[in-house]
Amino acid sequence: WELNGSFYQPSAFLMMGIPGLEALHPWISIPFCALYLTALLGNCVILFIIRKTPSLHEPMYYFLSMLAVTDLGLALCTLPTTLGLFWFNVRRIGFDACLTQMYFIHILSFIESSVLLAMAFDRFIAISHPLRHPAILTKSTVLKIGLAIVLRGMVSLLPIPFLLKRLTYCGRTELSHSFCFHPDIMNLACADIKVNVFYGMIILLSTVGMDFIFIVLSYILIIRTVVSLTTKEECLKALNTCVSHICAVLVFFIPMIGLSMTHRFGKNVSPLVNTLVAYTYLIIPPALNPVIYSIKSTHIREALLRALCRKRG
C-alpha cells in the first residue's frame, strides 16, 4: 500500500476467475482458448481477404475492416490476464497496469459501438440512395469517419483513469473479473465516487446510448425504404445486405446493456451471472463477428473460397 497522509492506494488488484469454479479453471480455459483463437484468426482472415480483393474496396468493407481491427484489439486486451489466471493462477495486476487495460477495453468498446453506427449509416445510404452512395461515402470520407470515431473514444474516456487515481482505496482489492472494468474498480474505493458514477453514466449515454438510438433510427428508415420497393425479391435482396450487421449489433449491444445493468442495479445478482455476462460481452463478439460475416456475406465467402483454392492449387 502507498500511504500519503489519509490517501491510500493499492499497489495491485487481485483478479477473480469464475466464482465457485476455481478448481475447474484449467478445463474452463479450453473454450476460452477456442474463442480467442477464433477471434484472432477470424478477424485476421477478414482483414487479409478485404486487403487482397479489389472488389471489396468499398465503404461497407472498409467499415468491416475497422470492426475487425477493433475486435482484435478487444481480444488482445483481455487475453493475457484471462488465460494467465486460468492457466497459471496469476491473479495480481499492478494498479497502473489495471487502469491502462481498463482504458483500452472501454475505448475499444466505444469504438466498436461507433463503427456499428457507421455501418448502419452506410447501409441506409446504400439502400435509400444507391446512386449517390459512392459520392457520399468516398475513401476520404470513410477515413475521416474512422479518425473521428477513434478521437471520440480517446477524448471522452481520457478523464476516467485520473478520476480513479484520485480515489482512496481501502480493504478490498478483489476485482470481479479477470480484467479491469471501470465500475468494478470504482466500487472498491472507500471515498465519494459520485463524480465517477455521474461522469461514467453521462459518457455511456452520450456515446454508446446515442449510437444505439441512431442505429435503431437508421433501420426504421431502411425498413420504410424497403417497404416502398415494388417487388418482394427487391425487398429480400435489400434486407439480406443488412442481416450480418443486425447480428453484429445484437451480439454487441445485448451483453453490453446486460453488463451495465448488473453493475449499476444488480446488487443481489449472483457473482457468477455478473462474470458470465462480462465474458460474453468482451469475448463473444470478437469471435462471432468474423464467423457471421463469413457465413452471411456472399462476397466475403466467395473471396475466401478463391483464396483457399489458390493455396491448394
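Cβ from N, Cα, C; glycine included.
Residues of the same chain lying 6 or more positions beyond the ends of the transmembrane segment (24-50) and with a Cβ under 8 Å from any Cβ of it are 17-18, 56-57, 61-62, 64-65, 68-69, 71-72, 74-76, 79, 82-83, 85-87, 89, 279, 283-284, 286-287, 289-291, 293-294, 300, 303-304, 307. What TrEMBL lists as transmembrane segment is 24-50 (among others).
Per TrEMBL, the feature domain 'G-protein coupled receptors family 1 profile' maps to 42-293.
According to TrEMBL, the feature transmembrane segment maps to 62-88 (among others).
Marked as transmembrane segment by TrEMBL: 100-121 (among others).
Panel annotation: around the transmembrane segment (142-164), residues 59, 62-63, 66, 99-100, 102-103, 106-108, 110-111, 114-115, 118, 182, 185-186, 189, 195-196, 199-200, 203, 206-207 of the same chain, lying at least six beyond its termini, place a Cβ under 8 Å from a Cβ of the stretch. Per TrEMBL, the feature transmembrane segment maps to 142-164 (among others).
Sequence-distant contacts of the transmembrane segment (197-223) (same chain, at least 6 residues past either end, Cβ-Cβ under 8 Å): 109-110, 113-114, 116-117, 120-121, 123-124, 127-128, 152-153, 156-157, 159-160, 163, 182-183, 186, 238, 242, 246, 249, 253, 256, 260. For 197-223 (among others), the entry in TrEMBL reads transmembrane segment.
Look at TrEMBL and you will find 235-256 (among others) tagged as transmembrane segment.
Taken from TrEMBL, the feature transmembrane segment covers 276-295 (among others).
Within the same chain, residues 60, 63-64, 66-67, 70-71, 73-74, 77-78, 81, 93, 145, 149-150, 152-154, 156-157, 160-161, 164, 179-182, 185, 207-208, 211-212, 214-215, 218-219, 245, 248-249, 252-253, 256, 282, 285 sit at least 6 positions outside the transmembrane segment (100-121) and bring their C-beta atoms closer than 8 Å to a C-beta of that stretch.
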